Amino acid sequence: MDSRNVLIIYAVNVERKLNAAAHHTSEYQTKKLVLRRGQIFTLKVILNRPLQPQDELKVTFTSGQRDPPYMVELDPVTSYRSKGWQVKIAKQSGVEVILNVISAADAVVGRYKMRVNEYKAGVFYLLFNPWCSDDSVFMASEEERAEYILNDTGYMYMGFAKQIKEKPWTFGQFEKHILSCCFNLLFQLENNEMQNPVLVSRAICTMMCAANGGVLMGNWTGDYADGTAPYVWTSSVPILQQHYVTRMPVRYGQCWVFSGILTTALRAVGIPARSVTNFESAHDTEKNLTVDIYLDESGKTIPHLTKDSVWNFHVWTDAWMKRQDLPHGYDGWQVLDSTPQEISDGGFRTGPSPLTAIRQGLIQMKYDTTFVFTEVNGDKFIWLVKQNQEREKNILIAVETASLGKKISTKMVGENRREDITLQYRFPEGSPEERKVMAKASGKPSDDKLNSRTLNNSLQISVLQNSLELGAPIYLTITLKRKTATPQNVNISCSLNLQTYTGNKKTNLGVIQKTVQIHGQESRVFLTMDASYYIYKLGMVDDEMVIGGFIIAEIVDSGERVATDTTLCFLYSAFSVEMPSTGKVKQPLVITSKFTNTLPIPLTNIKFSVESLGLANMKSWEQETVPPGKTITFQMECTPVKAGPQKFIVKFISRQVKEVHAEKVVLISK
């Protein structure tokens, strides 16, 4: 053959801008092409001469971190399909050939090498595709796709059910190295497993946790001197970028940080995801669908008996996908949780667990549905432990059937507001459906289950949980209800602790005891504790603290006892931020912040910071101490590097006051 007639590939143009716009991947900060499976993309091939009918033109795609690789070989001349892929010649003009390639809707996701004949055309990423109706992560609503795939900022919801606080969070799934980091973490999957969002999401969930050899190390000790305190993080980006560069675990995280990086990773690879908060979240170590709390007669928790716990809140991630591994009816949202709590198949992970199975009490549906069901549905039993002639006697004094799994929350689609999604997880408390679900999950008849969790107390107790301005005295309003109006003497005992959101008690603040005579069918009792009992202990651990405890009321004549618990979160409002509404790329803008120390103690280890995806780096400013009553003002100059609406988060942090923040969206023009 005349060498002048040999077909030679001079170049392959992957039409990066054109394809990225069509595939909703323009925001990824990588020089490589990013595509979504099941959708057409275009290649422009430059030849040494016009293509002729007898010429052989083959396009080969290979992927996989294990041998043998996943390989697809296509012939645009014949247009035959291979593994669901197809290529066609869309246009031919002289030495230019335009190829339209359609990848399979169930193709392996990950990095691909592309070759046209012997010409190496580079590397691209192939993602799951919620826009493709044949993809198992298909999501029909454009508004939901914009939120759960494309939105790179959002909120975590924290606090407790009666005082929900929002924490701005930057997911940053399009930032530099994030996509590469996510696919690097999937090395343990076989090539064919990379087709399946169930297996990919479970693997990503596993690898977010350093205990499994992954990204983030959990720590709830209050000592974070050799890392970053969990409450300091407001973005997934520095965590995943640090792990990508160092290949070492990042220190430290707690549940909302694990959810943040998991949501980022899932959105990055194309699986719709949302961070979800469950308030009053049960941790049932015995898997008996109850949380058992044991108290002494003053209301103090007995640690060696109390193995279960109730977290003020717990944050996990929901991912959207079809469950082709389960019977019909379990598609849609699935719970995934990277927080290291329980071992599942040899590693710390939870899910994916279908919300429909959780709601129906079908705890046998994989994965880990029993654990999630108890978090949102369990009953809380409070036991009084009495010492009687050197023997302990446990007396059940409270059964709470509606105190766990409250106000399950996520960011609303298209709005910077909280959405309550509790009814996606469970039927209304006390409804016939809820009783049937509890019976199904527990394996007991519904009547038996209902009776076993009912106490016929003549006295009922509740507490009004007010917010607590940091530095103010503690005020508790106890309400006692009964059927009789006969005067009765009642002993009240309230034990309060400074503790973390998981219920981990750092110090006991004291016991308030009071004997009152109640009249009528409803009475109120007021308990107080001076701020000095807690204010000097705020800096003892590097965690955001709450006040929590139990209250026991005893009718003196009959000895009948009832109990309830209380939680108080601190508020601190002496913080203001001023920043412009508009700015320009590469032109400095000034942010001014003021903070007043209203406490009677000095604040130490002060740090102000400004974060935004519109900035090249986080900006920070530090000061050792702010004396009582002192106001400090700082100005920080920031230079935006990205155009468009950019969210700026300004934070104040100290050893005693953990994270006060403000946020504002600034419109940055070119």
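Cβ atoms here come from the backbone N, Cα and C positions, even for glycine.
Per Swiss-Prot, the features are:
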| type | residues | note |
| --- | --- | --- |
| ACT_SITE | Cys255 | active site |
| ACT_SITE | His314 | active site |
| ACT_SITE | Asp337 | active site |
| BINDING | Asn377, Asp379, Glu429, Glu434 | Ca(2+) binding site |
| CARBOHYD | Asn151 | N-linked glycosylation site |
| CARBOHYD | Asn219 | N-linked glycosylation site |
| CARBOHYD | Asn288 | N-linked glycosylation site |
| CARBOHYD | Asn456 | N-linked glycosylation site |
| CARBOHYD | Asn491 | N-linked glycosylation site |
Inter-residue C-alpha distance, Cys255 (active site) and His314 (active site) (nearest angstrom): 6
Residues close to Ca(2+) site centre defined by Asn377, Asp379, Glu429, Glu434, Cβ within 8 Å: Gly378, Thr401, Ala402, Leu404, Gly405, Arg426, Gly430, Val437, Met438
Nearest recorded site to His314 (active site) by CA-CA distance, among glycosylation sites Asn219, Asn288, Asn456, Asn491: Asn219
For Asp337 (active site), nearby residues of its own chain (Cβ under 8 Å, 6 or more apart in sequence): Cys205, Phe258, Ser259, Trp316, Thr317, Arg349, Thr350, Gly351, Val372
Spatial separation of Asn377 (Ca(2+) binding site) from Asn288 (N-linked glycosylation site) - C-alpha basis, Å: 12
Winner by Cβ contact number (other Cβ atoms within 10 Å) across the binding-site residues Asp379, Glu429, Glu434: Asp379
Among Asn151, Asn288, Asn456, Asn491 [glycosylation sites], residue with fewest other Cβ within 10 Å: Asn456
Cβ-based isolation winner (fewest other Cβ atoms within 10 Å) among the recorded positions Asn219, Asn377: Asn219
Alpha-carbon spacing, Glu429 (Ca(2+) binding site) to Asn219 (N-linked glycosylation site), which is rounded to whole Å: 34
Integer Å distance between the CA atoms belonging to Glu434 (Ca(2+) binding site) and Asn151 (N-linked glycosylation site): 35
Shortest C-alpha distance to Asn377 (Ca(2+) binding site) - which of the glycosylation sites Asn219, Asn456, Asn491: Asn456
Three-state secondary structure, which DSSP defines for Asn491 (N-linked glycosylation site): strand
Residue from Glu434, Asn456, Asn491 whose C-alpha is spatially nearest that of Asn219 (N-linked glycosylation site), among the recorded positions: Glu434
Inter-residue C-alpha distance, Asn456 (N-linked glycosylation site) and Asp379 (Ca(2+) binding site) (nearest angstrom): 17
Helix, strand or coil at Glu429 (Ca(2+) binding site) [DSSP, three-state]: coil
